[in-house]
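Novice: What follows is a structure written as structure tokens; I'll ask about it next.
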């Protein structure tokens, strides 16, 4: 079977994203597991980062399997990828990745923002204890979404598009299908809304803090200002990956793009950039992770 230029380009992009994603997410898992072995316990943020690494690792594997079948086994793609088992895994890892990213943004917002409201301060001092419960809630929410999603007969819907020739029938089927998909995935808008709110709060907090510093210390930037800026850079980068994945994911689930077209493969590439790029930013924004990653690279070079 001859491969189109779009398919070849997709293979190259996916291979690069897959290798990057497996490396950086595997690193997050290994580093935190090593800390667990050494100290017999983990800080809440370390647990969160390890969970993020595991969820990204799983999502990267699922997306790679999808790409493999779409390129090399197109006839089996619909039956395998939109079957109950693979659909459950895809929806579960997509949902839990978004929820864990939201938990991380909440952590940054509570720890760094300078709001003094009583409710905010109450959450700020209790966030370490709340993280395990947030992670458990994320898992339960993701399992629920994935369980509902497998009830939608995706494979049948996609095959109907290929078999039907009547424009009216095809349009009715497509409208029904999109309605089902959007209804099922409506729950994913909730973590997106929380993420946007946390990013906005960090922006407001940075503006207020900078304004106070300019009037009180003639523009001197202290450690708190640097923490605000670094956290904001990280969260905004997260936000870009978050939005791009969410938009590509929702577009993909409407089946509006021609199968194996250039746009189809591009959508898959955008989705695969999220679990790898997101974790790269986590490592780059943490000096300890940077040092550990450099040490691992040096060991590999010596070997």
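Backbone N, Cα and C atoms are what each Cβ position is placed from, and that goes for glycine too.
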Novice: Looking only at what Swiss-Prot records, are residue 35 and residue 210 on the same side of the membrane?
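Specialist: Each on a different face of the membrane, per the record.
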Novice: With Swiss-Prot as the source, identify the stretch among 165-185, 186-206 annotated transmembrane segment.
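Specialist: That would be 186-206, the stretch labelled transmembrane segment in Swiss-Prot.
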Novice: Match it up for me: which of 57-77, 267-287 does Swiss-Prot list as transmembrane segment?
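Specialist: That would be 57-77, the stretch labelled transmembrane segment in Swiss-Prot.
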Novice: Under 8 Å for C-beta pairs, could you tell me which stretch among 11-31, 57-77, 80-100, 103-123, 186-206 has the largest tally with the transmembrane segment (130-150)?
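Specialist: Answer, by Cβ pair count: 80-100.
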Novice: Pop the mean pLDDT for the topological domain 'Cytoplasmic' (256-277) in here, whole number is fine.
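Specialist: Here the mean pLDDT over the topological domain 'Cytoplasmic' (256-277) amounts to 84.
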Novice: Please count the residues of the topological domain 'Extracellular' (124-129) that DSSP assigns to helix (H, G, I), strand (E, B) and coil.
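Specialist: Counting residues by DSSP class gives 6 helix, 0 strand, 0 coil.
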Novice: Sort out the residues at least 6 away from either end of the topological domain 'Extracellular' (1-10), same chain, that have Cβ-Cβ distances under 8 Å to it, and list them.
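Specialist: Those are 67, 71-72, 260-262, 265-266, 268-269, in sequence order.
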Novice: How do the residues of the topological domain 'Extracellular' (1-10) split into helix, strand and coil according to DSSP?
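Specialist: Breakdown, helix to coil: 6 helix, 0 strand, 4 coil.
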